[in-house]
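Features of the protein shown, as given by Swiss-Prot:
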BINDING   Leu225, Pro226, Cys227, Gly228, Ser229, Gly230, Lys231, Thr232  ATP binding site
DOMAIN    212-416  domain 'Helicase ATP-binding'
DOMAIN    484-631  domain 'Helicase C-terminal'
MOTIF     369-372  motif 'DEVH box'
Amino acid sequence: MQCLFLEERIKKEGCVVLFAEAFRPSFANIQGFLTTIAEPVSRLSLMHEYRMTYFSLGAAASASISVSEVIQFLDDHVYFFRDKCFASYRESVCAFAEMYMSRCNLARVVIDESRTLLECKDIVTAKTLLKDRVVRSLCCQPKETVGEDACPHFLLKSRAAARVVAERCVLLGYPLQQQYEYEKDTSIRNVNIALKSQTRPRPYQIAAVDAAASDGALRSGCIVLPCGSGKTLVGIMLLCKVKKPTLILCAGGVSVEQWRNQILEFASVCAPANNEEGDPSNSTTGEKVRTAAVGAARISCLTGKQKDEITDETDIVLTTYSMLVTAHKAQARCQVEGFEMNADGRGRNPRRANPKERLFQPYGLLIMDEVHMMPADAYKDSLGFINAKGVVGLTATYVREDSKIRDLFHLVGPKLFDISWERLASSGYLAHVTCIEVLTPLARRFSLEYLERSSELTSPQHGTPLLVMLAAANPNKMLCVMEIVKRHVAESSKILVFCDHIMLLKEYSKLLGAPVVCGDTPHRERLMIFSDFQSTSKVNVVCLSRVGDVSVNLPSANVVVQVSSHGGSRRQEAQRLGRILRPKEKASNGKPTDAWFYTVISTDTVEMSYAAHRTAFLVDQGYTCSVTEFNPDGAPEAAVEGVDDTAPGDVVSIRQAKLRGTFKKQELKCSVASPTAQGSVNPRSLDYQEKLLCRVVASWELDYQNATSQQNEPGVANDTATGLIDKKMKRARDETAEDIKREWNSGAQTTQPRGDFCRLPLQRLVGANDDVVYHES
């Protein structure tokens with residue numbers, strides 16, 4: 001049955017747009033194939049939008065889907081596609097699919113023990129690639145093809161050259177396929193790892209693993225699953241299926257710890273079945289042989305605070321992206337100094353062995369958690385030095401604010417599996433989330449300062465770091481957050497408060513009496529806070545910085561309050577929403593407990609445009625978002641003292657219904673006339689507002705001085721300039737709000753801010769920059 005509409009945009013945008021009627025019964029039968037050949041753009045409740053692009057067709061070809069199957073699918077399910085009046089459109093779409101899919105999988109990278117080969121399916125493809133100057137320069141001498149029979153191939157200079165060749169081949173229109181036949185590989189030892197009998201994978205997790213590994217072969221690529229859907233278990237299932245030494249890259253130290261714990265929870269890691277390591281029968285001298293390591297002893301973790309030794313018995317290595325870059329730089333530095341980094345630490349210059357040196361030993365499998373981080377310039381250069389035959393990336397946010405997300409096609413591989421939040425939520429695997437934008441007016445003093453700073457801008461940009469911080473520090477936001485937290489604490493909710501500015505994060509900690517978790521929080525203290533939050537009622541609210549965006553496993557959390565964010569980053573929005581997507585315990589009437597996601601926005605500020613960009617992304621993913629206004633000066637609402645005994649249902653359901661009714665109103669008011677906070681924080685106090693404003697402006701001025709001092713004036717010595725800056729910074733710390741206002745008012749009349757600073761693009765100042773990764777090593 002037909003349920004698709006097609007729009008041809010090949011000449012304008014280089015794609016074919018497909019609109020799907022999601023309400024049709026036949027749509028469920030074709031959604032899997034449609035997601036394979038086209039990239040999902042918008043998934044509303046009734047209509048979905050997909051785009052057939054060069055990359056999606058390449059992914060389809062790598063999944064062994066032919067051009068004829070794609071055309072037959074369009075003939076069967078697109079309205080009017082075979083009508084004579086649309087014959088020209090059909091020919092254009094068929095030619096588009098034929099042109100790209102016919103070139104896919106014509107070449108692949110093959111890695112054996114000592115060589116890196118580029119293998120082609122025919123001699124014509126091999127000769128075409130060798131004509132390119134870049135590809136030819138990366139080949140060993142001689143550059144002629146070897147074995148001009150069924151599979152001609154030629155040698156590459158190094159493993160790192162394979163990444164450059166892969167990128168170049170994509171530009172030439174010959175995307176490479178990387179396939180690893182792990183069952184036939186004898187150059188890398190097998191590991192004895194298997195899922196425990198009590199582990200019960202979900203159907204979509206099994207489908208994701210089968211999409212990557214089947215029939216003894218592993219296809220390199222990316223698996224996209226929503227936050228909270230069990231990506232870590234998918235990675236563990238791949239470990240158990242491939243059964244080869246594996247390197248796992250994580251976002252940070254907490255993520256490494258969580259991966260290690262879940263591997264030990266869901267899988268059994270044992271010594272080789274034939275007991276090659278430590279079998280007494282293998283000893284001919286009668287000496288006592290050490291027993292082979294099992295379990296956690298076969299897992300090594302390398303982070304900034306934990307550096308386990310990587311031995312011959314190590315089956316799994318867990319490390320961070322930052323540690324990978326550090327090891328890569330150390331290896332390059334040692335090579336420049338004139339000796340190679342051997343595993344035993346011996347070279348022409350004797351030195352102590354470093355555990356990081358063995359990160360680049362041969363692996364059968366490389367798993368990259370949060371793979372959307374890999375296209376960053378700081379990381380992708382190090383990827384080429386990892387000697388792994390199969391690569392799989394895991395992510396919940398296959399999106400970046402720049403165009404680098406496309407680089408994953410040649411860095412890792414095509415998208416292998418993708419499933420929407422809506423499908424998992426309807427099946428009960430994820431929680432139903434209520435997304436609410438709360439519009440909060442700026443406090444009077446902050447509003448005047450915001451208008452004054454806005455008028456001083458000399459470039460046509462929409463904001464500066466100071467404007468963003470003024471909007472985030474809005475005291476009325478504090479009142480709003482207090483009100484939201486108060487209502488949910490009364491329902492025994494677990495609440496996460498996100499704020500990107502550390503100074504403001506500490507203010508919210510004082511305001512709510514909640515612990516802070518940021519980059520400076522010690523690892524042990526962080527784990528204790530998360531443990532108390534997860535399993536006790538001692539901690540119900542935690543204030544988090546950007547370190548909580550990824551790899552924080554808190555299934556009990558069901559409320560997120562977002563005070564400030566990283567510009568319009570859609571990735572960050574989805575990741576923070578993912579903290580509460582895990583399914584919650586049901587009430588006694590069988591209904592699931594709701595999850596709540598609040599974004600508190602200062603009206604008439606730059607936050608409005610950023611929030612619109614992020615919310616549009618959530619709507620495209622199928623979430624329902626509503627808007628309410630917070631009135632800090634409105635008449636207080638009557639407090640709810642108890643539960644209506646006449647209402648049907650249990651206490652939890654009634655309270656959830658009352659919360660939904662409260663936030664469906666167009667205006668949210670304080671439940672008490674003058675809410676009081678713990679400690680010295682009182683957002684209604686004019687004295688507190690003045691001090692907070694002073695600190696915000698002074699903090700920005702220090703950042704301004706640091707930014708402008710990087711370019712010294714001509715003729716001024718570095719040490720002199722540094723001394724002047726130190727004096728200015730010391731003076732800025734001692735200034736009051738009146739001093740700062742006087743200085744800026746006088747400066748605005750005589751001179752304008754430095755042109756080079758003002759001409760910085762908005763993307764670099766306050767926009768979302770996905771090359772900046774906020775986590776600890």
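Each residue, glycine too, has its Cβ placed from N, Cα and C.
Within 10 Å of the Cβ of Gly230 (ATP binding site) there are 21 other Cβ atoms, across all protein chains. A Cβ distance under 8 Å defines the sequence-distant neighbours of the motif 'DEVH box' (369-372), meaning residues of its chain 6+ beyond its ends; these are 222, 231-232, 235, 248-251, 255, 259, 393-395, 397-400, 405, 408, 412, 550-551, 571, 770. Note on Lys231 (ATP binding site): other Cβ atoms within 10 Å of its Cβ, all shown chains, come to 21. Counting residues per DSSP class in helix, strand and coil order gives 2 helix, 1 strand, 1 coil for the motif 'DEVH box' (369-372).
Secondary structure of the domain 'Helicase C-terminal' (484-631) per DSSP (helix as H, G, I; strand as E, B; remaining residues coil): 58 helix, 31 strand, 59 coil.
Around Cys227 (ATP binding site), the C-beta neighbours below 8 angstroms that are at least 6 residues distant in the chain are Ala396, Ala574, Gln575, Leu577, Gly578, Arg579, Leu581. Taken residue by residue with DSSP, Thr232 (ATP binding site) is part of a helix.
Taking the Cβ of Gly228 (ATP binding site) as centre and 10 Å as the limit, one finds 22 other Cβ atoms among all the protein chains shown. Cβ proximity to the ATP site centre (mean Cβ of Leu225, Pro226, Cys227, Gly228, Ser229, Gly230, Lys231, Thr232, cutoff 8 Å) flags the following additional same-chain residues: Val234, Ala396, Gly578, Leu581. In the three-state DSSP assignment, the secondary structure recorded for Pro226 (ATP binding site) is coil. When Cβ atoms from all protein chains are considered, those within 10 Å of Leu225 (ATP binding site) total 22, not counting its own. In the predicted model, residues of the domain 'Helicase ATP-binding' (212-416) average a pLDDT of 81.
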